[in-house]
Amino acid sequence: MKILVTGFNPFGGEKINPALEAVKLLPSEINGAEVRWVEIPTVFYKSSEVLEAEILRYQPDAVLCIGQAGGRTGLTPERVAINQDDARIPDNEGNQPIDTPIRIDGASAYFSSLPIKAMVQAIKKQGLPAVVSNSAGTFVCNHLMYQALYLVDKKFPNMRAGFMHIPYMMEQVVNKPNTAGMSLCDIVRGIEVAIEAIVDYKDKDLQLVGGETH
């Protein structure tokens, strides 16, 4: 089994992005699966072009995209990506689409094809906070997740794909009072065990509560 893991470069004035720093530290083999990582530009559309090129080159069985969600307290596998860009801030090339469909010929939304609840349980068993997230936002993270699943729908039907947000690293919150952070080693470990769950559960998931009341 081959798994491609992606990490964004820094954006929004940050000097580092924990997604990129974490994926760089992943071992090349996890739970018997071959793992490769790639850096993704935090740029609408260019991000998905880089992803598709790497998929064509590597031919992975699964894609796990990783992104920073500053302020979140744990690792959060995303349930769904919506067909909408609505950027609060410009991307790294100054693009700021507002209320713009990502793909005219795509679904209104795509659900993750990764075992998100098994991923959450695996992370929690390591003593790390994790929960299913029901919104990936409307910035480049949601954009890339949507594009990855669009590629599954249109071009790579045997591939699975999904996204997981991670918190700030501790050094990013030194001057951000009351903002959650996590050590890089814990972030890396959380991603590792999430990948273990992807390998173990393949086309199924745990039947556990992961919803919200509002």
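Quick reminder: no glycine exception, Cβ is built from N, Cα and C everywhere.
Marked as active site by Swiss-Prot: GLU78 (among others). Following the DSSP three-state reduction, the secondary structure of GLU78 (active site) is strand.
According to Swiss-Prot, the active site annotation covers CYS141 (among others), on the basis of sequence analysis. Cβ neighbours within 10 Å of CYS141 (active site), excluding its own Cβ and spanning all shown chains: 24.
In the three-state DSSP scheme, HIS165 (active site) is classed as strand. Neighbours of HIS165 (active site), defined as other CB atoms within 10 A of its CB across all chains, total 23. Summarising the annotation, Swiss-Prot assigns active site to HIS165 (among others) and lists sequence analysis as the type of evidence.
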Legend entry - For GLU78 (active site): intrachain residues, at least 6 apart, with Cβ closer than 8 Å: SER112, ILE116, SER133, ASN134, SER135, ALA136, MET145, GLY162, PHE163, MET164, HIS165
